[in-house]
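Annotation source TrEMBL lists active site, proton acceptor at HIS69. According to TrEMBL, the Ca(2+) 1 binding site annotation covers ASP70, VAL73, GLY75, ASP77, SER79, GLU91. What TrEMBL records for PRO166 is substrate binding site. Among the features that TrEMBL reports, heme b binding site is placed at HIS196. The disulfide bond annotation in TrEMBL covers CYS38-CYS118, CYS71-CYS76, CYS124-CYS326, CYS203-CYS235. The signal peptide feature in TrEMBL is assigned to 1-27.
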Amino acid sequence: MSSSHFIAVALFCIAFLLAGGISVSHAQLSSTFYDQTCPNVTNITRGVIQNALLSDPRIGASLIRLHFHDCFVNGCDGSILLNNSDTIDSEKEAARNNNSVRGFGVVDDIKTALESACPRTVSCADILAIAAEESVSLANGTSWTVLLGRRDGTTANRTGADISLPSAVDTLDTLKSVFSAVGLNTTDLVSLSGAHTFGRAQCPTFSGRLYNFNNTGNPDPSLNTTYLGTLRGICPENGTATGLANLDLTTADTFDNNYFSNLQVGNGLLQTDQELFSTTGADTIDIVNNFSSDQNAFFASFGESMIKMGNIGVLTGSQGEIRLNCALVNANSSGSESYLHSSIETRDDAEYKYAI
Ligand code: HEM
C-alpha cells in the first residue's frame, strides 16, 4: 500500500512538473481583499462556526481538514465542496474523503450568511481558508493573517484526491513526497501535522496498529502500552468500525502543542503521527522536540505553514468563478439543484468502510 502510494506520488510529481506544476505564488492574494466589498467576512464566518461549536465541539477540526484536503488537490479552489454531477466526479467521494471529511453543512451555512451580507462576492475557497484560521483561534490556538482573493474552480479531480492526499499508513518518506509535491517542506509537514491536536479519527484509520501490525501478530511497537489498552477498548479486534478516538488524548478539543508531547511518549494516534518521532534517525524528531518544548515556536511555524498551504495553486483575478452554492458550479446552479445544500454530509458514528 505504502510503496504503491509512493510510486503513484512519484509518477504524479513527474507528470506535474512536466505540466509546469501548480503555481505556489501568492502575489495576487491579499489580507485586505474584502475590505471594501465584504468587510465583515471574518466575523460572519466566525459567528457561524461559534454557533456550530455549541452542538458539535469537533466542527472546527473538521473545517480545517476540509481546507487541507481542498488545497492538496487542484490547489485551494473549493473543489472538495463540489457534488457529483454530469460533468463532475466529486472529490468528496474519493477514498480518503468518503465518509470521513465532514463540515459541508456548516460551510453552506457560512455561504448563506455571506451571500446575504455581500452577494456574489466571497469565494468558497476563501471561506475554507478563513474557517480554518477561525477554527484554530476558537479552540484557544493561534491566529495568522489569512490571505484572500481565491476564486472557485469549476471542476473536481477525484483521481487527484486518490493520489495527492496522504494515507494514515504512509511511511515518513512518502509523507515528505506528498507534501513536497505541493511545495511544502519537512517543517511544514511536522507543523501542519500538529493540527491533529484536535478532532477525531475513526477506528479503521489506526486499528491496524493495535493487534497485528504489518502482519507481525503484535501491535505497533512504537505505541505506548497504556494507550494501546485504551485504544483496544475503543476498537475491539473484531468489532464494528464505529469507534472514534480523539487525535489528542490529553486536550481533545484545544489547539495546543500537546500533540507533540504525546508523540514523545508513544501516544500518537495515527501511524503517520508517531512516525514523525519514532522513525530512527529522522530529521523530524528535532522539530517535534522543539514544538513540544515551545508552544510559541509551534504556533509561529503553524501559521506560516498554513499560509503556504493556502497559497497552493490558487485561482485569482478572472480565473474560475465565485460560486453561488459551494456544492455546485454556477453553470449547474439553477433550478431544483440551487438550494444551498451539500448532498453529502458525513456523520459521527455510522459504520463505514474506510480506504486507508
Ligand atoms: C501528514 C499527513 C496526514 C495524514 C496521513 C492525515 C490523516 C488523517 C486521518 C486518517 C484522519 C482521521 C479521518 C477519519 O477518521 O475519518 C485525520 C483527521 C484530521 N486531520 Fe489529518 N492527516 C494528515 C495531515 C493533516 C493536516 C496537514 C491537517 C491540517 C492542517 C490535518 C487535520 C486533521 C484534522 C483537524 C482531523 C480531525 C477531523 C475531524 O475531527 O473531523 N491533517 N487525518
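Heads up, the Cβ atoms here are built off N, Cα and C, so glycines get one too.
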Given the disulfide-bonded residues CYS118, CYS124, CYS235, which one has the fewest other C-beta atoms within 10 angstroms of its C-beta? CYS118
CYS76 (disulfide bond) to CYS118 (disulfide bond): how many Å between their Cα atoms? 21
Measuring CB to CB from PRO166 (substrate binding site), give everything in the same chain under 8 Å that is also at least six residues away in sequence. THR174, LEU175, VAL178, PHE179, THR272
Within 10 Å of the Cβ of SER79 (Ca(2+) 1 binding site), how many other Cβ atoms can you find? Include all protein chains, please. 30
ASP70, VAL73, GLY75, ASP77, SER79, GLU91 excluded, remaining Cβ within 8 Å of their centroid (Ca(2+) 1): HIS69, CYS71, PHE72, ASN74, CYS76, GLY78, ILE80, ALA125, GLY153, ALA156, ASN157, GLY160, GLY313
By Cα-Cα distance, the member of recorded positions HIS69, GLY75, ASP77, SER79, CYS326 nearest CYS235 (disulfide bond): HIS69
Between ASP70 (Ca(2+) 1 binding site) and CYS203 (disulfide bond), how far is it from one CA atom to the other, in Å? 24
Annotated recorded positions HIS69, ASP70, SER79, PRO166, filtered by Cβ under 6 Å to ligand 1: PRO166
Which ones, of the recorded positions ASP77, SER79, CYS118, CYS124, CYS203, CYS326, have a Cα no more than 10 Å from the Cα of CYS71 (disulfide bond)? ASP77, SER79
C-alpha spacing of CYS38 (disulfide bond) relative to VAL73 (Ca(2+) 1 binding site), in angstrom: 27
